[in-house]
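If you check TrEMBL, you get these features:
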DOMAIN    B:6-198  domain 'CobB/CobQ-like glutamine amidotransferase'
ACT_SITE  B:CYS93  active site, nucleophile
BINDING   B:ARG127  substrate binding site
ACT_SITE  B:HIS191  active site
Amino acid sequence: MSQLPLRAQLASALGRTAATLSRATGRGDGSVIGGRVGLLLEPDLLRKLAHEKKLALVSATNGKTTTTRLIASALQELGEVATNAFGANMPAGHVSALSSNKAAPYGVLEVDEKYLPEVLDTTEAGVVVLMNLSRDQMDRAAEIWLLAQKWRRALAGRPAHVIANCDDPLVTWGASTAARVTWVAGGQRWHEDSWCCPECGGPLDRAEGIVNADWACRECTFSRPEPNWILDGEDAIDPYGHRWRLDLQLPGTANRSNAVVALATAAAFGLEPQRALPRLREVKSVAGRYTTVERDGRVMKLLLAKNPAGWLEAFDVTRPDRPIVLSVNAQGPDGRDTSWLWDVDYRILAGRHVYVTGERRLDLALRLDVAGVGFILVDDFSQAVSALPPGDIDVIANYTAFQSIRTEFGRAV
Amino acid sequence: MQSSLRIVWIYPDLLSTYGDQGNVLVLEQRARRRGIPVEVVHVRSSDPVPEQGDIYLIGGGEDRPQILGAERLRRDGGLHRAIQRGASLLAVCAGYQIMGSVFGGEEGQPVPGIGLLDISSGRGERRSVGELAAEVDPSLGLPTLTGFENHMGVTRLGPGVTPLSRTLVGTGNGDGTEGCFAGKIIGTYLHGPALARNPALADLLLRWAAGPLPAMDDSWYERLRNERLGAVLKP
Ligand SMILES: [Zn+2]
């Protein structure tokens, strides 16, 4: 039986009821509403729930939902794992996740970048996983230099073991006040937010390449730490120099990077790669991301991309010979500002059959026109699908556009 | 006019947070479609600003990069010399504030600007985030300004500049005006792709540099403008 005090148990039970209602009424995955009810009744609930578990917090601009899933899958090798599998990554979602599986000895929580200091303070998690920081929807996200500085303050003087991507200079800076860091050369495809030294503002000299590329400040001593884990093509190289062929079902370099981070995190929990890796290979899709859906012979791969770095990662797993449907909205969770479209280099799509839709399709249409990319504007996703011949199709959408497509296919997972 | 139009993008490594590249791309596209050859120069903050450009662009960014950018521009002096030579400049958001005498730093402390515009900025009480629409000063002969703002700045205009526009929706400078201009320098809080939403403003910069321009097909620009203005200026 749970060690939680009665009041906390009651709060958590009521939270679960609300979550069930939310799912039953079709209003969502239920993960946020359950947590909100719980937090209202017991502000210390998260602290109490967290203290019963060995906990990892996972934060980044991109890939945190997928990496959370990978780490949770790996740790299942050790025992039950409570996790916020639906990407509800603020404290209400954390309460909901931890109370849904109170008996689980392990917890893996995806954490919004802004909330990391607060959640770390509340949960006193033993492991913190930090992967990348880049510009995100700017009207709602925090400025990333400031964010990294808050991470530094939050980690200083704590016993937490940090797993951090040393190919990202801003993440490296954010993590480097921690008492103990395992550095992972996990790669960085988007360089536009890290040409300057976060420590002194001087220019960073960067070696060519996306993964395991060295960097150093020209004006101060800030430089890339020696990595303990390295992503090398299709392989992970562990701290002992052993090579592990990843063989994931999830596609693309970004997911191989997420997997190496997951292996390093599993190792921090005492789980060796030969036991963790088979678990990672079982993951096919994450809350609809990378999943394949079908309608009338059209086989569509669904990709979520919310910001410029995310679009680069998505392009990496699309195939040039396939038609592609792009859908962009600008509701609250997407950011109401579409200016980020101008940071994405769409020229890679030139020559493909491109269909443009979503509530802000005119923003995207002009963006493509200026990039010299031909496209067809359609009213909605269904119109794009029926305009295309049967066969394989790539689909990239930002957050609410993705959710609405996913809903058309019965909330595909 | 010289053989090719030189567009200089200042400090994309520090000040390009809000899709500021859009302004560069729009100018480039609209010049090329008129048959004007274009050379685009990206100037990193560790490099000198060339003096021989025709149109200079500087964008938005966080507080620390803004302070670094101001220091480097002042030390470098290249932009000042280019403006004296008669180049034009579009300065956006943090870049706009830098052009004044002073702006607010991380804690609201006054930080000296580079003095190319007679303005002074400070930190306001709250962040202004959202769509903006404004009527442009009649002397410029431009249609309604549309764009997105996201800043905490309040900017006071001195007698040496003219307000770029009067706001219909949104905050802008904070006194009912948005942006300003003086000579061939334009400053605005409309970040990122301000020129994508306001192609006539892009053409004004191009005309200052290259003289009269033939018309071009503006249909995608116009559709986007109409949709955005329609969304914020509902009757
Ligand atoms: Zn440095």
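Cβ coordinates are placed from backbone N, Cα and C, and glycine is handled just like the others.
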Separation of alpha carbons, B:CYS93 (active site, nucleophile) and B:HIS191 (active site) (Å): 6
B:CYS93 (active site, nucleophile) to B:ARG127 (substrate binding site) - Cα separation in whole Å: 13
Same chain, 6+ residues apart, C-beta under 8 Å of the C-beta of B:ARG127 (substrate binding site), given in sequence order: B:ASN150, B:HIS151, B:MET152
Against chain A, in sequence order - recorded positions B:CYS93, B:ARG127, B:HIS191 with Cβ under 8 Å: B:HIS191
In three-state DSSP terms, the structure that the residue listed as 'active site, nucleophile' belongs to: coil
